[in-house]
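> Supplied in structure tokens, the structure appears directly below.
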Amino acid sequence: MAQLIDGKKISAELLDNVALEVADFKKMHGIAPSLAVVLVGDDPASQVYVRNKIQRANQVGIRSIEHRLAADVTQSELNDLVDELNWNPEVHGILVQLPLPAHLNEEDIVNAIDPCKDVDGFHPLNVAALALGNPKLVPCTPQGSMMMLTQTLGDLTGKHAVVIGRSDIVGKPMAALLLQSNCTVTMVHSRTRDIEALCRQADILVAAVGKPELVKASWVKPGATVIDVGINVTLIDGVRKLVGDVDFADVEKVAGAITPVPGGVGPMTIANLLQNTLKAAHVQMFK
Ligand SMILES: Nc1nc2c(c(=O)[nH]1)N[C@@H](CN(C=O)c1ccc(C(=O)N[C@@H](CCC(=O)O)C(=O)O)cc1)CN2
Ligand SMILES: [Mg+2]
């Protein structure tokens, strides 16, 4: 049976470390790092994620400022808020919870955030910095996935990593980070031919595609490390159940190590958001 990569445990260690560094930051500067969290509308999952982010921020001593906007807010009203947060020296990190309601243009909003406060790492300047091998603020889910990989495997040099999915917030930055760690990287997606055979070549398999339990044991090389980024809500006999993109019960029989859902990558995302907030605050103090 595969080793379980425990995201709750690894993220708790990271949060303890962030809390210590936040205490040092406060001693040095006399203020707390601060994070502005913008939530538009009433998507139930987004409400849960935002609540968890604020709760964890408070736990490590980061000041959080919540901005809740109605679902029918206009693009220019949201832009005005982002602008105000950009100019406010008491705000070190800004995050706009995604997805936004359909009438809003996500790209324009992300582009409006000051790249130095972009703790999600989604701004084009942060994307470019990562692609050029000089990362500044890195997207939280891929950064957390890399921490789990290095804790499990140590040096990743020479390993063949296959990333399933090419989203801007997970697949692409994940591939860039794996490349930076000297992996040989293959990206597969909906138009790839024979995905299964390519996945079977992977020493490291990262599933970030949003398809419940897509990856079966037959896709996995014996002993491979499997990172499951998927968070899919399914109904089993009328009961809400969270499953990943990996068929855990099947794949754990062949993998060397595997992340569960829940309790894997998810908690790492939030811990990395707070680490990014601290990093952004440090950079702004010396500007
Ligand atoms: N601005 C952003 N929006 C979104 C991001 C993001 O990184 N920045 N990522 C996702 C949602 N997300 C954080 O925002 C997120 C999703 C899931 C978890 C998590 O801890 N999940 C738990 C299970 C929670 C549950 O029971 O529902 C787990 O996997 O154990 C954290 C953060 C999209 N939007
Ligand atoms: Mg839209």
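A Cβ is built for glycine as well, from the same backbone N, Cα and C atoms used for every other residue.
Per TrEMBL, the feature NADP(+) binding site maps to G165, R166, S167, I231. TrEMBL lists 5-120 with the feature domain 'Tetrahydrofolate dehydrogenase/cyclohydrolase catalytic'. Sequence annotations record features per position, and here TrEMBL assigns domain 'Tetrahydrofolate dehydrogenase/cyclohydrolase NAD(P)-binding' to 139-283.
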> When secondary structure is assigned with DSSP, how many helix, strand and coil residues does the domain 'Tetrahydrofolate dehydrogenase/cyclohydrolase NAD(P)-binding' (139-283) contain?
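Secondary-structure breakdown of the domain 'Tetrahydrofolate dehydrogenase/cyclohydrolase NAD(P)-binding' (139-283): 55 helix, 32 strand, 58 coil.
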> Can you give the mean pLDDT for the domain 'Tetrahydrofolate dehydrogenase/cyclohydrolase catalytic' (5-120), rounded to a whole number?
98
> Out of the binding-site residues I have (G165, R166, S167, I231), which ones have their Cβ sitting under 6 Å from ligand 1?
I231
> Quick one: largest C-alpha distance among G165, R166, S167, I231, binding NADP(+) per the record, in angstrom?
16
> What counts of helix, strand and coil residues does DSSP assign across the domain 'Tetrahydrofolate dehydrogenase/cyclohydrolase catalytic' (5-120)?
63 helix, 19 strand, 34 coil
> Tell me, how many other CB atoms lie within 10 A of the CB of R166 (NADP(+) binding site), whichever protein chain they belong to?
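The answer is 18.
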> Which of G165, S167, I231 (the binding-site residues) has the most other Cβ atoms within 10 Å?
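That would be G165, with the most Cβ atoms nearby.
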